[in-house]
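The structure under discussion appears below in the form of structure tokens.
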């Protein structure tokens with residue numbers, strides 16, 4: 001074992017003070033416990049150090065086995081060429097090492113109270129982070145693990161995952177300050193308008209470390225080339241190509257994801273919003289946009305900020321378009337009995353077919369636990 005490999009074993013087996021916050025967050029390269037986002041990718045200290053040494057010392061590697069070696073915690077030192085290639089595929093950037101601009105921050109600022117690069121003294125973003133954290137504890141899976149070996153999703157797996165996400169969305173919305181201020185009819189209108197977009201956005205961001213699949217909350221994967229669920233696979237392919245890949249290219253961080261989700265949620269053009277609540281919704285969206293812009297300015301080089309801000313906002317139109325196709329697929333699944341559609345999904349995504357559309361002032365959605 002080389003000195004460098006001994007150092008990696010040492011850093012992998014000993015926890016830094018920060019690493020205790022990442023007990024369930026995994027390295028995108030080898031699957032070991034991650035200690036943060038390093039050089040553009042979630043990684044452990046071992047892979048972080050390996051990538052840094054490779055770039056700084058300008059190492060060049062050759063694989064003896066056709067560049068098909070498995071890279072995991074146990075075998076990551078077996079082939080440096082394949083390991084380095086995985087580092088690059090997962091988003092590590094040479095320039096982050098060369099210019100020392102890598103901002104090492106927790107990938108999950110919600111788990112340890114860290115602001116993860118948030119603009120100082122921004123109470124609105126702090127509120128959004130707390131809202132996200134309030135539902136994070138309800139999740140039964142960790143969204144940052146790699147999932148190459150995960151089970152192929154069935155139709156029921158897809159709808160089960162959607163049910164879980166919609167339940168979390170309702171609980172998330174209840175915590176939002178702007179949501180609490182509007183009337184019940186507007187609350188339901190916002191939830192219905194955003195429900196499918198929420199599914200698309202969450203699936204896209206959760207799958208940011210995958211290249212050919214959407215990772216669902218119930219530990220299953222929806223691969224874009226699998227023939228099992230052709231309609232859903234087409235949606236998965238669009239999510240990957242039009243949302244996940246751009247998120248990865250932009251190195252979108254969790255604060256930006258949280259803010260963009262809230263911008264999409266508080267849409268003053270959502271069908272069914274009352275005239276009394278319209279200005280409240282519009283004002284809330286404007287406030288979030290301003291905080292979002294300040295955050296992007298804070299974390300981006302000055303010359304890149306306007307383009308980055310625009311590109312992040314340009315993720316919204318494809319998410320809306322994909323969400324409409326997703327609603328159609330759910331409608332077809334219900335029509336032909338292809339999957340179980342629970343009451344919450346029915347009320348949110350197919351309100352015209354639900355059982356409770358007559359009483360708009362006391363919506364069962366808000367009573368869902």
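Quick reminder: no glycine exception, Cβ is built from N, Cα and C everywhere.
The shown structure was predicted, so the numbers you read here are calculated from the model rather than taken from an experiment.
If you look up Swiss-Prot, you'll see 67-142 marked as DNA-binding region.
Listed as Cβ neighbours of the zinc finger (70-90) (distance under 8 Å, sequence separation of 6 or more from its ends, same chain) are residues 1, 5, 8, 12, 27-32, 41-43, 46-47, 50-51, 54, 59, 61-64, 209, 211. What Swiss-Prot records for 70-90 (among others) is zinc finger.
Positions annotated as zinc finger by Swiss-Prot: 106-130 (among others).
Look at Swiss-Prot and you will find 120-352 tagged as domain 'NR LBD', backed by sequence analysis.
Counting residue by residue with DSSP, the zinc finger (70-90) contains 10 helix, 0 strand, 11 coil.
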